[in-house]
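**Q** Sharing a structure, written as C-alpha cells. Questions coming.
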Amino acid sequence: MALLVWSSLVVASLHLLGTAAYPSRSKYTVINENCPGAEWNIMCRDCCEYDQVECACPDGNQKVGYTIPCCRNEENECDSCLIHPGCSIFENCKSCNNGSWGGTLDDFYIKGSYCSECRMGWYGGDCMRCGEVIQAARGEIMLESYPFNARCEWSIQVAPGYTVELRFGMLSLEFDYMCQYDYLEVRDGDNVDAKILKRFCGNQRPLSLRSTGNSLHLLFQSDGSKNFDGFYVTFEEVTGCSSTPCFHDGTCIADKTGSYRCACLAGYTGRHCENVIEEKSCKDPGAPMNGYRKLPDGAGLSLANHIKVGFKIHYFCNNSYVLSGNQERACLQGAQWSGKQPVCIKACKEPKVADLVRQKVLPSLVQSRETPLHQLYSASFTKEKTDILPTKKPALPPGELPPGYQHLHTQLQYDCVSPFYRRTGSSRRTCLKTGKWSGRAPSCIPICGKLENFNITQLGEQRWPWQAALYRRSNGVKDASLRKGSWVLVCSGALLNERTVVMAAHCVTDLGKSSIIKVSDMKVVLGKFYRDDDREEKSQQHLHISAVIVNPNYDPILLDSDIAVIKLLDKARVSDYVQPVCLTLATEMITSPQEYTIVISGWKILSDPRAPGSKNETIRAGAIEPVDSLQCEQQYEENGISVSVTESMFCAKQEPRPSPSICPSETGGITTVLLPSPTSPEGSWHLIGLVSWGYDKSCRKDLYTGYTKVVTFKEWLEKNMK
C-alpha cells in the first residue's frame with residue numbers, strides 16, 4: 001500500500017527523467033563500481049545508495065523487481081536521482097523480464113525492457129504504447145485492459161469511394177453519463193480535429209456506425225483512477241449498398257462518393273423503396289366488333305376485368321376487316337387508357353399494280369341494281385306505297401383506313417401510262433364484302449402491228465418498227481474491208497415483245513449445222529432504218545442477247561422448221577420507232593391473197609460502201625403473192641434444183657406493182673400482212689413468214705422464194721415468249 005502511495009506522489013515528476021542533473025566530483029567521471037551501472041554515474045553524488053523494489057507480474061504473480069538508485073541531497077538526505085512510477089509499469093505486460101536482485105547491473109528502468117510480451121493493443125518494452133495508422137480494407141482493434149492516464153489514437157483509412165463501418169464486439173470502460181473519465185471517442189475523419197460521431201463508455205455494446213468518407217479517427221483516454229477490461233472493435237470498408245438498404249427487391253446503385261440510390265420495382269417508391277404504391281388498374285375495354293385483342297403475359301386480367309397499369313393491349317381484325325385506329329393501347333398511371341378504341345372495318349387491300357399500269361380511285365358513287373323483284377313491286381303496287389329504291393352503296397363506316405386499303409364498294413380504274421401499250425384485264429375493279437377485288441388484275445402490253453399512215457405506193461419510205469437487225473462479229477469473214485471483231489449485218493427478224501425476237505434458224509447457227517453461235521458474238525439492233533452502220537440514228541437500240549432457242553425440228557439441210565427465238569438481255573424500249581408485230585391465228589390465214597396486202601422487208605446483206613448513194617440506202621420492201629406448193633416445186637425443178645416444200649413452209653413471188661425495191665435472195669427478211677383489227681380502223685400487221693431459201697443469184701420477179709410459215713409455230717413461239 002505504501003508503494004502505491006509513493007508511486008502517485010512521484011508521477012508528477014516524470015519529466016525530470018531526461019533533464020535532472022547534479023554536480024558530481026571528478027572521481028565519478030568514469031564508471032563507479034558502487035553504482036548499478038555506468039548509466040547512473042552522471043546522476044550520482046559522493047555516495048550512491050540503492051534500494052530494491054519488489055513487484056508482481058500480472059501473469060501468474062511472478063515476482064519481479066528493479067533497483068532505484070538514490071543520492072544524498074543538499075540536506076544530506078537520501079533522495080531519488082530518478083523518479084519512477086513503480087509497479088504500474090508491469091500492468092500491461094503479458095509476461096515480464098526478471099532482473100538481478102540487488103545486483104549492480106539491475107537496469108530495467110534505464111533499458112526500458114520490463115516486458116517480454118504485451119497485452120493486446122499495447123506495445124513497447126514497457127507495454128505502455130498504443131495506437132497506430134491502419135490502411136486496410138478490414139481489420140480489428142483491441143485494447144486489453146488499460147493503465148491510468150492512458151491515451152491512444154488510431155486512424156483507419158480505406159480505399160477512396162468507400163466508407164468505414166465500425167462494429168463493437170466488447171466495451172468495458174468506466175461508466176459516466178457524460179463519458180468524461182474513461183472513454184472511446186470516434187471522429188468522422190482521419191485526425192483529432194474531425195467531427196465527433198460518438199463518445200462511448202460503460203459496458204453496454206453500442207450499435208455499429210459508419211463514416212461519411214473513407215476514414216475514421218479513434219481516441220481512447222483514461223484518467224488516474226479505476227481501470228477496466230478495455231474494448232474490441234472491427235472495421236470494414238463498405239459501399240452504400242453493402243448493408244442492402246433497398247427494400248422490396250429494389251436494386252442498390254452505388255456512386256463514387258460512397259452514397260447510393262435505390263432503383264425500385266413497379267409499385268414501390270421512396271429512398272429505400274419502402275413505400276408501397278397503391279396498385280391501380282384500367283377496366284378492360286374489350287375487343288372491337290369483328291376483331292379480337294391480345295394481352296401480354298402478366299397483364300393481370302382480374303375477375304373484375306381490370307388490367308394492371310403499364311400493360312398494353314394489341315388489337316387485330318378478322319379476315320376481310322381492317323383495323324382503323326390505334327393498334328395498341330396502354331393502361332396509364334391515372335387508370336386511363338391511351339388513345340381511342342379502334343374499330344374493324346370491311347375493306348380490301350389494294351391490289352398490286354403491274355408496270356406501266358396507272359391506277360385511279362374513283363369517287364364514291366351510288367351503284368344501282370334493279371332486280372326482277374323491283375319490277376314486280378313497281379307493277380303490282382301504287383307509286384305512293386312502293387317508293388322502292390334500287391340497291392345502292394351504303395354509307396362509308398366511320399374511321400380512317402391505314403395506307404394501302406380501300407373501303408367496301410370502292411372502285412379502281414386502270415389504264416396504261418403509254419400510248420404504245422394496251423391494257424389487258426379489267427378496266428375497273430370493285431372492293432367486295434369478301435375482302436377481295438372483282439375482275440382480273442390488269443396489265444399493259446405493247447400494242448402490236450401498229451403502223452400509221454401506211455401507203456402501198458411508198459414502200460421505200462416506210463419504217464417498219466418491228467424490224468430487227470441481227471449482227472455477228474466478223475471473225476472468219478473473208479472481206480478485206482472488215483477488220484477482225486467488227487460487227488456485220490447478217491439477217492432480219494421481227495420483234496414479238498419487249499424481250500423476244502423471232503429469226504430464221506439458219507441466221508443463228510453455223511452454216512449447215514444445228515450448233516448455235518455464241519450469244520456474245522451476236523447482237524440485235526432495233527429502230528434501224530438506214531443500211532449504213534456508220535449513220536447514227538437516235539432511234540436505234542443496241543441490245544445484247546441472253547439466249548437463243550432453235551426449234552427442235554430444225555433441219556439445217558432441208559431448212560425445215562427454219563425458225564428460232566432470240567431472248568434479249570434487256571427490255572426493248574417501245575416507242576414510235578420500236579414496236580412489236582402481231583402473230584397470226586390459224587383461222588386468220590389468208591385464203592384469198594389478192595384481197596390482202598402482204599409485204600416483205602429487209603436490208604441488203606451485201607452492200608458496197610463505195611457505191612454512190614450507199615450512205616442513204618434504207619430498208620427495202622416489196623409486195624408478194626403466195627403460190628401453190630406444187631407450182632413452187634415444179635419451177636425449181638425446171639431450173640435444175642430439187643426442193644421439198646413442207647407443211648411448215650410456203651412459197652411466194654413478188655408482185656410487179658408497186659415496183660419492188662427488194663430481192664429476197666439478197667436481203668432475207670420478214671413477211672407481214674395487214675389484217676382488219678377490231679381496235680384500229682387502220683388494221684394491224686401480222687407476221688406470217690421468214691425468208692428461208694431461194695435462188696442464189698437471180699432476182700427475177702417471177703421466181704419463187706421459200707418462207708418459214710410462222711403460223712405453224714404460233715404455240716411454240718408463245719411458249720418461249722414468256
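Note that Cβ sites are derived from N, Cα and C of the backbone, with glycine treated the same way.
Found this in Swiss-Prot, in case it helps:
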DISULFID  CYS130-CYS152  disulfide bond
DISULFID  CYS179-CYS201  disulfide bond
DISULFID  CYS241-CYS252  disulfide bond
DISULFID  CYS246-CYS262  disulfide bond
DISULFID  CYS264-CYS273  disulfide bond
DISULFID  CYS282-CYS331  disulfide bond
DISULFID  CYS317-CYS344  disulfide bond
DISULFID  CYS416-CYS444  disulfide bond
DISULFID  CYS491-CYS507  disulfide bond
DISULFID  CYS632-CYS651  disulfide bond
DISULFID  CYS663-CYS699  disulfide bond
DOMAIN    130-238  domain 'CUB'
DOMAIN    237-274  domain 'EGF-like'
DOMAIN    280-346  domain 'Sushi 1'
DOMAIN    393-446  domain 'Sushi 2'
DOMAIN    447-722  domain 'Peptidase S1'
CARBOHYD  ASN98  N-linked glycosylation site
CARBOHYD  ASN318  N-linked glycosylation site
CARBOHYD  ASN455  N-linked glycosylation site
CARBOHYD  ASN616  N-linked glycosylation site
SIGNAL    1-21  signal peptide
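Let's see these features in context: how buried, what's close, how far.
**A** Neighbour count (other Cβ atoms within 10 Å of the Cβ, all protein chains): 21 for CYS130 (disulfide bond).
The DSSP secondary structure for CYS179 (disulfide bond) is coil. Within 10 Å of the Cβ of CYS179 (disulfide bond) there are 18 other Cβ atoms, across all protein chains.
Within the same chain, the residues at least 6 positions away from CYS241 (disulfide bond) whose Cβ sits under 8 Å from its Cβ are CYS252, ILE253, ALA254, TYR260, listed in sequence order.
In sequence order, CYS252, CYS262, ALA263, CYS264, HIS272, CYS273 are the residues of the chain that are 6 or more apart from CYS246 (disulfide bond) and have a CB within less than 8 Å of its CB.
Every protein chain shown contributes to the tally, and the Cβ of CYS273 (disulfide bond) ends up with 21 other Cβ atoms within 10 Å.
DSSP classifies CYS282 (disulfide bond) as strand under the three-state reduction.
There are 21 other Cβ atoms within 10 Å of the Cβ belonging to CYS317 (disulfide bond).
In sequence order, ALA354, ASP355, LEU356, VAL357, CYS416, VAL417, SER418, TYR421, ARG422, ARG423, THR424 make up the list of same-chain residues 6 or more apart from CYS444 (disulfide bond) whose Cβ falls under 8 Å from its Cβ. In the three-state DSSP reading, CYS444 (disulfide bond) counts as strand.
In the structure as shown, the Cβ atom of CYS491 (disulfide bond) sits within 10 Å of 24 other Cβ atoms.
The DSSP secondary structure for CYS651 (disulfide bond) is strand. A sphere of 10 angstroms centred on the C-beta of CYS651 (disulfide bond) encloses 25 other C-beta atoms.
Taking the Cβ of CYS663 (disulfide bond) as reference, residues of its chain lying under 8 Å away and at least six apart in sequence are, in sequence order, LYS604, ARG620, CYS699.
DSSP states for the domain 'CUB' (130-238), grouped as helix (H, G, I), strand (E, B) and coil, give 0 helix, 58 strand, 51 coil.
The average pLDDT computed for the domain 'EGF-like' (237-274) is 81.
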**Q** If you draw a 10 Å sphere around the Cβ of ASN455 (N-linked glycosylation site), how many other Cβ atoms fall inside it, taking every protein chain shown into account?
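**A** There are 9 such Cβ atoms around ASN455 (N-linked glycosylation site).
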**Q** How many whole Å apart are the CA atoms of CYS130 (disulfide bond) and CYS344 (disulfide bond)?
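**A** It is 86 Å, counting Cα to Cα.
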**Q** Go through the chain and flag residues at least 6 beyond the ends of the domain 'EGF-like' (237-274) whose CB is under 8 A from any CB in it; none is fine as an answer.
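**A** Distant Cβ neighbours of the domain 'EGF-like' (237-274) are 137-138, 158-159, 161-165, 210, 212-214, 309-310.
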**Q** Could you list the residues of the same chain, at least six apart in sequence, whose Cβ is under 8 A from the Cβ of CYS282 (disulfide bond)?
**A** HIS306, ILE307, VAL309, CYS331, LEU332, ALA335, GLN336, TRP337
**Q** Cα of ASN616 (N-linked glycosylation site) to Cα of CYS152 (disulfide bond): how many Å, rounded?
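**A** ASN616 (N-linked glycosylation site) and CYS152 (disulfide bond) have their Cα atoms 123 Å apart.
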**Q** For CYS491 (disulfide bond) and CYS632 (disulfide bond), determine the Cα separation and express it in whole Å.
**A** 24
**Q** By the count of other Cβ atoms within 10 Å, pick out the sparsest of the disulfide-bonded residues CYS201, CYS252, CYS632.
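**A** Taking CYS201, CYS252, CYS632 as the disulfide-bonded residues, the minimal 10 Å Cβ count falls on CYS252.
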**Q** When the Cα of ASN455 (N-linked glycosylation site) is compared with the Cα of each of the disulfide-bonded residues CYS152, CYS632, CYS651, which one is closest?
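**A** It is CYS651, whose Cα lies nearest.
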